[in-house]
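Visitor: Pulled these features from TrEMBL for this protein:
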| type | residues | note |
| --- | --- | --- |
| BINDING | GLY81, THR84 | Na(+) binding site |
| TRANSMEM | 41-62 | transmembrane segment |
| TRANSMEM | 74-93 | transmembrane segment |
| TRANSMEM | 105-127 | transmembrane segment |
Amino acid sequence: MPEPRIDWTTPAVISAGGVLGSLARHGLSVAFPHQAGRFDWAIFAVNTAGCLLIGVLMVLITEVWEVHRLVRPFLGIGVLGGFTTFSAYVVGIQQDLAAGAPHTALAYLAGTCAAALAAVHAGVHATRLVAVPHPRKEPP
């Protein structure tokens, strides 16, 4: 019996998108490095922007556009998954705590969660306000 053929297309586009998103995040982290004990504005902005963009993207690809099956894995999982970062967020909190700045750590912890949730909500609703749904797609 022949081996089943594995389709590597989806993992390949996720990887390519991940490289692009990770490089963009790295560039911002280098341009605006985090100093322990201070609010990590670069990662805060990255995660908030990524949440806004995933809200926009999900409405566009599920309600507005007819897209190729690889658009969601490339942009959603790859680019935006590589761009946003939970690990750097948590490391930033740990560094602030280790630097004796618990108030900064708490503000960063809560502020990022609140901003991320608000951003995805804003992205979804703003896109639904301006985008014309595809005739074959029904908005939720």
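Cβ coordinates come from backbone N, Cα and C, glycine included.
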Visitor: Six or more residues out from either end of the transmembrane segment (105-127), which same-chain residues have a Cβ under 8 Å from its Cβ atoms?
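Guide: Sequence-remote neighbours of the transmembrane segment (105-127) are 39-40, 43-44, 47-49, 51-60, 64, 89, 92-94, 96-97.
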Visitor: Which of the listed binding-site residues (GLY81, THR84) has the least company, meaning the fewest other Cβ atoms within 10 Å of its Cβ?
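Guide: GLY81, out of the binding-site residues GLY81, THR84, has the fewest neighbouring Cβ atoms within 10 Å.
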